[in-house]
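Structure first, commentary second.
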């Protein structure tokens, strides 16, 4: 079962009560979602899961929106997600204080919306989002490795799928880290890496923008229909960049009492987010205009030549690869939790042969499948936009406000009630339209798709 008995108001629990809680936990909660972390660790997990290399695609999103709309949607995304994640945290704290601490997103859906919602809607969507993020990180890691390779051997024979496999081998090792809490130090390093490659992306963009004599073009391309669909495609990109999808699982790693700790963690995360998202988006779009690539660091190369020193491009890509590995292993945790729950025995010790062998085999198979998908479908970025529209928007923009209204039942005359209803309705509509836009983009790009393509 996914809920544990709450601690007393003073946060102290007797040893007998603690033992009782451990007996009630399933293997996934007991071994993967250990509640041992501090608010600082929470901040590291949040930052790694939200402030990730997809932020390098923000200048590309601006090409569909222009200056005013681009900055506006970036601000709206920051405000709404910070608000929604705090509401989700308050709902989790409320259930913990009532003696029913929820450790997983699907547990929340079961408790608030009913069992079918958790089993057939929230659970599958969260799995799709998180596993899709693992595939996307593996693909992007392979692309960064290929960039480094081509700098030293422009006509080298190695193909993209080979670099994806190399990155997958790194993930095979990291996937064996036993619990979410065990990632706290890795995610601290990840936070530093985020600041490093974001500063490099910003500095590189400013350097190229100031040294280039070519006029910058910020006009929106295409006819009215293309521009309209482009807007919603950009919204899906921004939503995916702000997306998390694992707030309950991150809060589950916090040691009781949980009250107020998630808010402090979110403050750490959004401080880093503010420093990185806006600097990269604005500097990248300013430097490259509507020629911004889906990853802004791709603009550092033109016609096989680097526009910044080679060592700089090498450094940026190494920072990105290392952080991608941390992001991927964070988004593996919901899958690890399900696998642990399926194959492990909570009555046996965590590192007994009975639990270690199925853990190693199942996690390895999970990584192998994700790596195979990434190698087969190097156009997965288009598919990821669809996943963002179908997954991140419901999980991060819609469900938190719905959960809050159903749990706390604010007065229908209150501002909070109607603000939450407005967010739910508006972002549900945006999610549907963004999904249509993503499907349309897949249709337009389908002619270029080829299995194991060397793109």
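Backbone N, Cα and C atoms are what each Cβ position is placed from, and that goes for glycine too.
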Which listed span TrEMBL calls transmembrane segment, if the choices are 267-288, 333-354: 267-288
Of the ranges 28-47, 228-247, which one does TrEMBL flag as transmembrane segment? 228-247
Report, as numbers and ranges, which residues of the same chain sit near the transmembrane segment (228-247): CB under 8 Å and 6 or more residues beyond its ends. 46, 49-50, 52, 54-55, 57-58, 60-65, 69-70, 73-74, 77-78, 81, 85, 88-89, 92, 105, 126, 129-130, 133, 220, 222, 262, 277, 330-331, 333-334, 384-389, 391-393, 395-397, 400, 430-431, 433-438, 440-441
Long-range neighbours of the transmembrane segment (161-181), counting only residues six or more past its ends (CB under 8 A): 31-34, 36-37, 41, 45, 134, 138-139, 141-143, 145-146, 149, 249-250, 252-253, 321, 324-325, 328-330, 332-333, 336, 350-351, 359-360, 363-364, 366-368, 370-371, 374-376, 378, 452, 454
Sequence-distant residues near the transmembrane segment (120-141) by C-beta distance (under 8 Å, 6 or more away from its ends) are 52-54, 105-106, 108-109, 113, 163-164, 167-168, 170-171, 243, 245-246, 295, 320-321, 324-325, 327-328, 331-335, 338, 367, 370-371, 373-374, 377-378, 380-381, 383-384, 387-388, 390-392, 394-395, 399
When you check the transmembrane segment (64-88) against the transmembrane segment (415-439), do you get at least 3 Cβ pairs under 8 Å, counting only pairs 6 or more apart in sequence? yes
May I ask for the residues of the chain that lie six or more residues beyond the transmembrane segment (308-332) and have a Cβ under 8 Å from a Cβ within it? 45, 48-49, 52-53, 56, 130-131, 133-134, 137-138, 140-141, 144-145, 147-148, 151, 167, 170-171, 174-175, 177, 180, 183, 186-187, 189-190, 193-194, 196-197, 200-201, 204, 207-208, 246, 297, 300-301, 363, 366-367
Would you kindly list the residues that approach the transmembrane segment (360-380) from elsewhere in its chain, counting only those six or more residues past its ends and only Cβ-Cβ distances under 8 Å? 131, 134-136, 138-139, 142, 160-161, 164-165, 167-168, 171-172, 175-176, 332, 335-336, 339, 342-343, 445, 448-449, 451-455
